[in-house]
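Participant: Dropping a structure here in structure tokens format, bear with me for questions.
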Amino acid sequence: MTEIIEVHAREILDSRGNPTVEAEVTLLSGISGRASVPSGASTGEHEMLELRDGDPKRYLGKGVTQAVNNVIEKIAPEIVGMDCLNQRDIDYTMIALDGTENKGALGANAILSVSIACAKAAAAVVELPLYRYLGGVQAKDIPVPMMNIINGGQHADNNVDIQEFMIMPVGAPTFREGLRMSAEVFHNLKAVLKGKGYNTAVGDEGGFAPNLASNEEALAVIMAAITRAGYEPGKDIAIALDAAASSFYEKGKYILAAEKKPEKTADEMIRFYEDLANRYPIISLEDGLAEDDWEGWKALTQAMGSRIQIVGDDLFVTNKKRLEQGISKGIANSILIKLNQIGSLTETLETIQTAKEAGYTNVVSHRSGETEDSFMADVAVAANCGQIKSGSLSRSERLAKYNQLLRIEEELGDRAVYRGRSALYSVR
């Protein structure tokens, strides 16, 4: 009854109106699993290949019919007949079939869609919640959300360099309360921005995207919103940043257009972050330097890694080998987990385990081009990752993940654990 009898795929649209892959896996029992994959705007150089058609006459070259056909014509014949409960075998069969280092033959988007669809079908056939099927009885940590309430960089059409200014409800007793607190801050931020005459249109991830006087002004208005909502900055609500520094790294320099002194070295960037962390309750910094600036990253970790969380996204791209390289060099103390960066569920879970064994935190993350699929929320709980990024408090493709976590927390009842500030091991 757990045998795969059919694999299908189709082209659907993501939250930016661009095509992406959706796959369906049907079992002998008649049960099926369906999954769609996201797409990033600020993509790491070392990510697995997202296969696009490149035909300018269709979707401006962003069609995914080739990836869809690879699922139907190449992947399906290989995995039909396999047992959906053997996730690792299925994933490594697809990886071997692709045969490239970057999944460039079949496309990471093709492989991942099938990988997740298989997991969903398997959970359904054994009648277990997805997080329980993937994580077993120990799956109980409800992650602390990082909510991107001011969008900049490549996620917005504004003059703010830093890509994400996020809030984390570290003082909440439960996820449900943390979500409420964050929503109240979000709505108060809208009022603060309106009061200053700023635009309150939102960016790709549902956060506000105003033109501000500087990157620091984003922090100032967030602080005002936290206080206006009746919370204490740092104690109830902390701040996290995703600089996405590779996007403003040019010829060995970091160019912050919104700053009075725009051109900075790695050392000057570190001092810039240290100054902000000294004056604002920043507890996490993601991609503070460029993805291949290993020496800069080491200096950043040495300077700030004992007091805040230093997260590698473009640096590690959910890749176990790159993570192991970083661990050996003492670089960062946390990794961002994006399933489509590596392209299979099995490899994602292996990377999460490698990080845990090294004492690194895991932050499960969405992409800027998302779908309504909430699978990543179940993965975060299944692997007890403790933290999740799914955008702001608007746009339903973002809230789908948060709402799924509400359901999981309710289902777990007294067994649910919300760790708050302690989910960030390195924060003092």
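Here the Cβ of each residue, glycine as well, is placed from N, Cα and C on the backbone.
These figures come from a predicted structure and were not determined experimentally.
Pulled from Swiss-Prot, these are the listed features:
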{"type": "ACT_SITE", "residues": "Glu205", "note": "active site, proton donor"}
{"type": "ACT_SITE", "residues": "Lys338", "note": "active site, proton acceptor"}
{"type": "BINDING", "residues": "Gln163, Lys338, Arg367, Ser368, Lys389", "note": "(2R)-2-phosphoglycerate binding site"}
{"type": "BINDING", "residues": "Asp242, Glu286, Asp313", "note": "Mg(2+) binding site"}
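Could you place the listed features in the three-dimensional structure?
Facilitator: On its own chain, Lys338 (active site, proton acceptor) has Gly40, Asp313, Val317, Thr318, Ser365, His366, Arg367 as residues at least 6 apart in sequence with a Cβ closer than 8 Å to its own Cβ.
Using a 10 Å Cβ-Cβ cutoff, Glu286 (Mg(2+) binding site) registers 28 neighbours.
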Participant: To the nearest Å, how far is the Cα of Glu205 (active site, proton donor) from the Cα of Glu286 (Mg(2+) binding site)?
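Facilitator: About 16 Å separates the two Cα atoms.
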Participant: Taking each of Gln163, Ser368, Lys389 in turn, which of these binding-site residues have a Cα lying within 10 angstroms of the Cα of Asp242 (Mg(2+) binding site)?
Facilitator: Gln163
Participant: For the recorded Mg(2+) site, enumerate neighbouring residues of the same chain (Cβ within 8 Å of the Cβ centroid of Asp242, Glu286, Asp313, site residues themselves excluded), in sequence order.
Facilitator: Gln163, Glu164, Leu241, Ala243, Ala244, Leu285, Asp287, Val311, Gly312, Asp314, Leu336, Ser365
Participant: How big is the Cα-to-Cα gap, in Å, between Ser368 ((2R)-2-phosphoglycerate binding site) and Glu286 (Mg(2+) binding site)?
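Facilitator: Pair distance, Cα basis, whole Å: 15 Å.
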Participant: Going by DSSP, is Asp313 (Mg(2+) binding site) sitting in a helix, a strand, or coil?
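Facilitator: Note: Asp313 (Mg(2+) binding site) is coil by DSSP, not helix or strand.
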Participant: Can you check what DSSP calls Glu286 (Mg(2+) binding site), collapsed to helix, strand or coil?
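Facilitator: Where Glu286 (Mg(2+) binding site) sits, the three-state DSSP reduction gives strand.
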